[in-house]
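Enquirer: Taken from TrEMBL, the feature compositional bias 'Basic and acidic residues' covers 145-157. Per TrEMBL, compositional bias 'Basic residues' is recorded for 158-167, 220-233, 274-297. If you look up TrEMBL, you'll see 207-219 marked as compositional bias 'Polar residues'. Feature annotation from TrEMBL assigns region 'Disordered' to 145-168, 202-297.
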Amino acid sequence: SDSESGSEDSSLSDSELQEAFSKGLLKPGLNVVLEEQPKRRNDTDGLKLCLSEFRQQLAWVERLDVTLGQVADPVSQSASDKDAVDPENDFQREMSFYRQAQAAVLEALPRLHKLQVPTRRPDDYFAEMAKSDQQMQKIRQKLKSKQEAMERSEKAKQLRAMRKYGKKVQTEILQKRQKEKKNMLNAVKKYQKGLSDKLDFLDEEQTSTQGNKKGSANQRIKKGPNAKRRYKNQKFGFGGKKKGSKWNTKESFNDVSSFRPKVAHNKGPGKAGKGGKKALNKRPGKRTRQKMKNRAR
């Protein structure tokens, strides 16, 4: 047959080419592939014949075919010309498809309503899912595990950032303390060598050590003194200068308005006579005091 003869010719030609290649007879440029442009033709009669062969005379509701042009442009209120659409312009091309589909819908919907064909899905419509419940459960578990992993990663990232910040603050505090200690030692050395006669570094040290206690002291002051402190304040006063507080001044020496001559030197009423002074500081005798002690025991 023709197919067998053609296959034999192709096998012979392949063997001849292999043999020539093994002998080194084939060189670059000897074999040139000639590309021929395919011949195009518009066989209208043949297409009509094929169409008449598979055409079936069915009702439109069975075919649902609509062939229309583009719908009128709402801006220009006229159907756009198909020749005006640039095929290289993606936006114009897609808009022409959209308007053509829109025109088909506007034509087909009234015809379907006229034939009493429902075009909307009912509210109680039930459609079985393409994937089973087990597969969807696996997908949910996978999404949940992925979300949990992302949350853990974000939490770990925040903890690392907090640790890093805390370590940075701690390092700055240590560096500050070392610097203050170094400055104080340098000031002490200068004072020992006689290069400086100032002791300001001691005040700075005291203020730095007392700085941490400032907040608690303020809290205590805000809360107010306790009962013990209030009693001592009432008994001894609130501090201030004590030495020389009872010394006379020129004004107090000249002020004799509070002098009472009748009660001065224990000479008041009922205290006149020899026993007046003794009566003021009368002390029981030794025997009486002993009896009082024994009685108390």
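If you go along the chain as it appears here, the first residue is 1 and each next one adds 1.
Each Cβ is built from the backbone N, Cα and C atoms, and glycine gets one as well.
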Enquirer: What else in the chain is close to the compositional bias 'Basic residues' (158-167), if you only count residues 6 or more beyond its ends and a Cβ gap under 8 Å?
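Expert: Non-local partners: none at all.
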Enquirer: By DSSP, how many residues in the region 'Disordered' (145-168) are helix, how many strand, and how many coil?
Expert: 24 helix, 0 strand, 0 coil
